[in-house]
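J.: Could you have a look at this structure, given as structure tokens, before my questions?
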Amino acid sequence: MAEAADQITALREVSAVRPRGLWVDAWRRLKRNKMAIAGAIYILIMALIAIFADVLAPHNPNAIDPTAAPNTPPFWVAGHNPQYLLGTDSLARDELSRLIYGARVSLIVGFVPVFIVTAIGVTVGMTSGWLGGRADNIIMRIVDVVYAFPALLFYIVVQSAFRDSKIGDIFGGLLLLFIAFAITDWVSMARLVRGEVLRLKNREFVEAAKALGVPTRRILIRHILPNSLAPIIVSIAFGVPSYILAESSLSYLGLGVKPQTPTWGSMVYDSFPQVTYAPEFVLMPSILIALIMLAFTFLGDGLRDALDPYMGK
Amino acid sequence: MLRFIVNRLLWMIPVLWLVGTVTFFLMHAAPGSPWDVRVGGKNISPELEKSFNRKYGLDKPLVVQYLIYWRNVLKLDFGQSYSNESQTVVQRIMAGFPYSARIGLYAWVMALVLGISLGIIAALKQNTWIDYVSLFFATVGYTIPSFVLGIFLLIIFAVKLGWVPVLFAGWKSYILPSVALGLSTAAFIARLTRASVLEIIRQDYIRTARAKGLPPRIINLRHIVRNALIPVVTISGPALASLITGTIIIENVFNVPGMGYLFIQSISARDYPVIMGTTLFYTFFIVIGNLLVDLTYGLVDPRIKTS
């Protein structure tokens, strides 16, 4: 009996809202997911903080103030310095400014590798899936072998090798990180896209396009790619926090960005020696890392649920 | 089945070769020499450096060294450690391996037990407060980086409460690292299990089982759980791999004298044989782990024939 009532309600819901195409429906479903919206808002706030860091930060994040004492506690602890709201770190740099600028670097570290990896992965995946046969086989073998390489080990070895060289100096150590990430991580995106291409390759609309004489590249870009965007978008949403995490972990090991570049991960590394008597300096960047990852995870979950056409059947 | 195993084992050869090659040339690209540490970080005199290099064959051209290394490996000789001259690479790895293996194992077991049970409970009690609380914990556990979690746990339980020692000593010291390492995987498994169970409950064959009048426990165990585990087994491969490499970071947080610690140490000490040895060992482990997972997958899902 309950089943029947459920079905009637579902029917009413469906008929009340006419489906209007994947994107509009997906957007509507996404809007209903409160956690995803909360995540998106948080990310937006962090992005604004990152963009306007120069205006928002009270001090230069790398300026060592000779007059201030290192490890001044934040404002809720006695003995604080009102000039430095969240205290100073072990090198007498303003914590608050570092956290604000840290948002900028952390977000860059999250987004840029994702786009590089997506570009490479989509290209390789589409080529491999479309060509099929021998070429596909060879490419997939390469993918399998690269996939088997333990990523963290690779990052560690690359970072330790080149961090002190010229490449390691560009963008305060960020370029090297991007290269390291790009070399290993394009494979899962390639696999994903290839799967989508295989799924769509034999559909009628592709056959029709081919019959009409549409050139291959156009078919791929105008027809197949838009139809495979859903898993790519979800991949991007989950990819950003994974790179923030990877950078934090590497910085925590002392193998991340260069010391002048403030990221939340390197701030944890810097403050770790004082963890027993001044844990706030470890906690503050750690909490920020956790929160941004939380936001992206909620958003990614929401996107995946919204874009999956079989949800809520 | 046997062909499958042999196929995968053969596949391991090019993988190990690639990993070894890349690691070899990258680590030699790193500035600094293995001997800087010997003389307390000061600049070593060129004659001394030359004699050390000659002793360990580092003065030969790089490609020759590369070939010599692989020739030795085929004889199962992984070399002597540079930083710790009395020990071979294999000895140092074997010394650290039990710690890492234990932490990894405990973390994995915890992740499975906690994750699967939490996921099933959350799904069976969907949309109740139990579900929301479990989901909350699962999401939080999944997004906090393991080293952040490790630091928090260390501060709370070792420093403030003193329940476990701060430095690594005795069996109690295994608890925190295992939890820190395994919790994010547990959270991931919980979410996955929950989604999977939810999907299965709606299936027709479950409705048939209920209609047949099967007792709920039989339905739960035999039908729901068995099918829900399939996606869990699928992700087990990458999950295990990330646990294994995750020990590298966790061991750093908790000062565990395991393989991960050895790896990091050897990187900064430019202890080439140890770097190569540990990297190859990690890769080997991950490949074997993936193989075991795939075999289990064949057992769990009768539709898959691994031949």
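Just so it is clear, glycine is given a Cβ too, placed from its N, Cα and C backbone atoms.
As annotated by TrEMBL, domain 'ABC transmembrane type-1' applies to B:97-293. The transmembrane segment feature in TrEMBL is assigned to B:9-30, B:103-124, B:136-159, B:171-192, B:228-250, B:280-300.
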J.: Other than its close neighbours in sequence, what residues sit by the transmembrane segment (B:9-30), given a CB gap under 8 Å and a spacing of at least six beyond its ends?
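T.: Those are 62, 65-66, 69-70, 73, 267, 270, 272, 275-276, 279-280, 283-284, 287, 291, in sequence order.
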J.: Counting CB pairs under 8 Å, which listed stretch among B:103-124, B:136-159, B:171-192, B:228-250 touches the transmembrane segment (B:280-300) the most?
T.: B:228-250
J.: So which residues does the transmembrane segment (B:103-124) touch in its own chain, when a touch means Cβ under 8 Å and the partner is 6 or more beyond its ends?
T.: 130-131, 134-135, 137-138, 174, 177-179, 181-183, 185-198, 201, 220, 224-225, 228-229, 232, 239-240, 243-244, 246-247, 250-251, 256, 258
